[in-house]
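Taking it in order: structure first as structure tokens, then the write-up.
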Ligand SMILES: Cc1cc2nc3c(=O)[nH]c(=O)nc-3n(C[C@H](O)[C@H](O)[C@H](O)COP(=O)(O)O)c2cc1C
């Protein structure tokens, strides 16, 4: 089973990096599969460690894929690095194996410490919708526009019925980023066509 987590890593000079990432949880280890190029991958390979954060604050997921990567952190307890200050729980990890394809490495990390900071308060459909939409937004350049728009329209139902203020804010960031992506793409397309017309022989 894949769990949607937020992975915090640090570069060699100590700069923290925050990225949503699917994680396969095994008994003593965790498997991450970052698509390269990836700062998360580079940091794990360089530092040998990472922290996996469990949070229901879906603004972190939506924020990271829309350029809002600055979230409050606290020092991790065992590995050199940070955890999300708002995490319900976190697990500290050390790299034990790197394999797989260069385009999608498979990183196996051993659990070395874990802590719980707040209780899980139950499932919320709007939070699940934000996670789904954040995945779509991270793949706008890969997926057909029709698929994105159909799925976002479907996910809106859960937002309208069950969101609180944090989920609404996250949803706004995602819909704004989607609109900006297509509007930029259309203006690039228009200016490309204009240049092509200007080159047409008369
Ligand atoms: C819920 C969720 C899960 C994601 N899972 C992965 C993943 O497993 N691997 C990956 O490369 N990117 C994943 N992404 C996209 C990354 O968060 C995003 O592309 C990020 O910028 C990773 O690149 P970075 O390490 O350079 O920051 C996920 C995004 C979301 C919203």
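Glycine is treated like the rest: Cβ placed from N, Cα and C.
Any TrEMBL annotation is an automated prediction that lacks curation.
Mapped onto DSSP helix, strand and coil, the domain 'DUF447' (4-117) counts 15 helix, 59 strand, 40 coil. Residues annotated as domain 'DUF447' in TrEMBL: 4-117 (among others).
According to TrEMBL, the feature domain 'DUF447' maps to 124-176 (among others). Taken together, the residues of the domain 'DUF447' (124-176) have an average pLDDT of 98.
The residues of the domain 'DUF447' (124-176), classed with DSSP into helix (H, G, I), strand (E, B) and coil, number 44 helix, 0 strand, 9 coil.
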